[in-house]
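Enquirer: So TrEMBL lists these for the protein:
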type	residues	note
REGION	1-20	region 'Disordered'
BINDING	His88, Glu109, His126	Fe cation binding site
BINDING	Cys94, Cys97, Cys134, Cys137	Zn(2+) binding site
Amino acid sequence: MPTETAPRAFGEKGRRDTRQRRALRDHLAATDAFTSAQQVYDDLRASGDRVGLATVYRTLQAMADAGEVDTLRTDDGETLFRKCGPRHHHHLVCRSCGVTIEIDGPSVERWASKAADDHGFSDVTHVVELFGLCPACTKAAG
């Protein structure tokens, strides 16, 4: 969902557009990197925002549920968050440095649609994340 529609999404769900939510949205909009709820909390506190850790977790989860942020789960189970692009996409993620690129997957879209149709499913969603080494990390590895 584009940034300009984010405040409206919270209103549609009956959530107040609080100072803490605005600070969190602004923080996510300022970076392209995936980040943990703890790191968002630490960054907000360091910049002088008074926000609770539980509020950060709840708000990030609500934003993820509303499609406003992308999520990635690390190997150790931690969820990372990033402001979502305005269109459906997938991710190519470097296992070493974490750089993440949004990619299109038209063949994945066709396959997912056909698989759902073949089995009588409707209203299907999916997430595709490809993990590997980016060119810089591949070069550094030798």
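Placement of Cβ uses the backbone N, Cα and C atoms for every residue, glycine included.
Just so you know, TrEMBL annotations never went through curation; they're auto-generated.
A description of the local structural setting of each listed feature is requested, covering burial, neighbours and distances.
Expert: Proximity of Glu109 (Fe cation binding site) to non-local residues of its own chain (separation of 6 or more, Cβ distance below 8 Å) is seen for His88, given in sequence order.
DSSP classifies Cys137 (Zn(2+) binding site) as helix under the three-state reduction.
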Enquirer: Is His126 (Fe cation binding site) helix, strand or coil when read with DSSP?
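Expert: Reduced to three states, the DSSP call for His126 (Fe cation binding site) is coil.
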Enquirer: I'm trying to understand the geometry here, so how far is the Cα atom of Cys97 (Zn(2+) binding site) from the Cα atom of His126 (Fe cation binding site), in Å to the nearest whole number?
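Expert: So the alpha carbons of Cys97 (Zn(2+) binding site) and His126 (Fe cation binding site) sit roughly 25 Å from each other.
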Enquirer: Whole-number Å only: compute the distance from the Cα of Cys137 (Zn(2+) binding site) to the Cα of His126 (Fe cation binding site).
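Expert: Checking the Cα atoms of Cys137 (Zn(2+) binding site) and His126 (Fe cation binding site) gives a distance of 28 Å.
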